[in-house]
Amino acid sequence: MHSRILLLLLMFAFNVGLINCGQSLVSPQSNCKIRCENGGMCVFDLERPDFHSCICLLGVYTGDRCQIRIAPEDIETTATSDETSHPMNIQHQQSQADIDDARRRDDERKREYERQVAERTRKEKEDRERASDEERRRQQHEQYWKEETARREQQRAEAERRIQEQRVRDDERRRQHEAERSQIEERRREEESRRLAAQRETDEARVRDEERRRQETEKEVEKELNDKRTQSMNEQFEYEGGDEEYPQVAEKEDEYDEGYETDNTEDVTITTTKTTKLMKPMVEESKGVDGDDGSDMIMEKDEMEDDKEPIRKEDEKLIDSIKHVFNKAVDETVKEHPIEEDEYWDETSKKTDEDSWTAENEGTKKTEEADEYGMEEGTEGWMMVKKENENAAVGTTVSLITVTFLFTLIF
């Protein structure tokens with residue numbers, strides 16, 4: 001019994017010595033990477049801290065985890081007996097061989113374990129490196145996304161700022177455009193008002209000018225009519241009575257019989273003929289005014305107004321004033337020089353000479369062409385109008401002046 005206690009103490013001392021030779025206990029034992037059985041202690045190598053192994057009680061248990069128990073007889077024989085040729089020694093020698101095999105197997109298992117530990121360590125290192133790489137990539141990715149998010153946010157803010165600035169510029173430009181347009185509209189209204197005022201002034205001036213011209217025309221026509229009336233009254237024949245009233249007519253008739261025609265006669269004939277043709281409607285109109293109730297004149301006037309273009313009010317006023325002056329002049333002329341009183345009978349006998357008769361007929365034809373009231377054959381001789389040419393000249397002059405004013409004002 002005492003020998004066993006001593007053996008255990010020796011084994012403990014031996015184990016302590018082994019532990020102190022480059023190894024150390026794992027503390028706490030629960031951190032051991034392998035499970036030691038039968039009271040084995042877990043130790044780690046100082047040079048390789050990741051390598052763990054089990055220290056068994058010497059002579060009691062063996063194996064990489066202290067799982068093999070050593071027989072007690074072998075232990076007692078080894079501790080108490082000497083080396084003899086006793087059969088027990090042979091058994092002891094055989095047990096030592098088994099122990100060597102067990103140690104060899106332990107070494108192999110230890111090497112395998114070390115290899116596994118190294119492989120596991122390598123894998124763990126690779127895993128750590130892989131995890132580190134992944135963490136680094138993750139951090140880089142997170143940093144990239146942070147930077148990208150910040151950049152996009154900055155771009156969005158910049159775009160929003162540009163949009164706001166563009167909107168402000170557009171509003172300012174729109175306000176300027178509205179202000180310019182309002183100014184242009186105001187200037188246009190002012191110009192339009194000035195133009196209308198100038199047009200009104202021009203129209204008023206034109207109306208005043210036309211009124212002045214109309215008054216001047218009326219005055220000139222009245223003055224000219226008065227002059228012509230005075231001239232006609234001065235040139236009127238004064239008859240003393242009896243047979244002495246016809247010498248001038250006889251002389252004039254002799255001139256026509258002789259075929260004597262001057263240039264003045266031709267001019268008067270042509271002018272009188274043209275003027276008579278132009279004034280014939282006016283004379284007929286004046287006769288219609290004196291003879292009937294004016295219905296034909298109104299109808300003819302309506303037809304003429306339908307055929308012609310519309311006349312301005314100023315021209316109508318001027319034409320009405322001229323017509324009034326013209327009608328007044330015709331009435332005055334007819335009153336002062338009645339046609340019935342100017343007729344007389346030619347008591348001279350007819351000439352028998354065919355040449356004289358031919359010349360007389362030619363003169364009569366010219367006189368008839370020139371005057372509407374020509375010579376007419378009566379029961380006692382030829383009837384002539386004494387004042388017809390003078391009246392026609394006065395009426396022709398008045399009509400010509402009136403027509404000239406009318407055409408000048410209308411066209």
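Cβ atoms are placed via backbone N, Cα and C, with glycine included.
Residues annotated as signal peptide in Swiss-Prot: 1-21. Residues or ranges marked as domain 'EGF-like' in Swiss-Prot: 28-67. Residues or ranges marked as disulfide bond in Swiss-Prot (evidence: sequence analysis): Cys32-Cys42, Cys36-Cys54, Cys56-Cys66. Positions annotated as compositional bias 'Polar residues' by Swiss-Prot: 78-97. Under the heading region 'Disordered', Swiss-Prot lists 78-312, 337-375. If you look up Swiss-Prot, you'll see 100-230 marked as compositional bias 'Basic and acidic residues'. For 237-266, the entry in Swiss-Prot reads compositional bias 'Acidic residues'. Annotated compositional bias 'Low complexity' per Swiss-Prot: 267-276, in sequence order.
Overlay of Swiss-Prot feature records on the structure.
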{"residue": "Cys32", "record": "disulfide bond", "Cβ neighbours (10 Å)": "19"}
{"residue": "Cys36", "record": "disulfide bond", "Cβ neighbours (10 Å)": "23"}
{"residue": "Cys42", "record": "disulfide bond", "Cβ neighbours (10 Å)": "21"}
{"residue": "Cys54", "record": "disulfide bond", "Cβ neighbours (10 Å)": "23"}
{"residue": "Cys56", "record": "disulfide bond", "Cβ neighbours (10 Å)": "25"}
{"residue": "Cys66", "record": "disulfide bond", "Cβ neighbours (10 Å)": "20"}
What kind of secondary structure is Cys42 (disulfide bond) part of, going by DSSP in three states? strand
According to DSSP, collapsed to three classes, what secondary structure does Cys36 (disulfide bond) have? coil
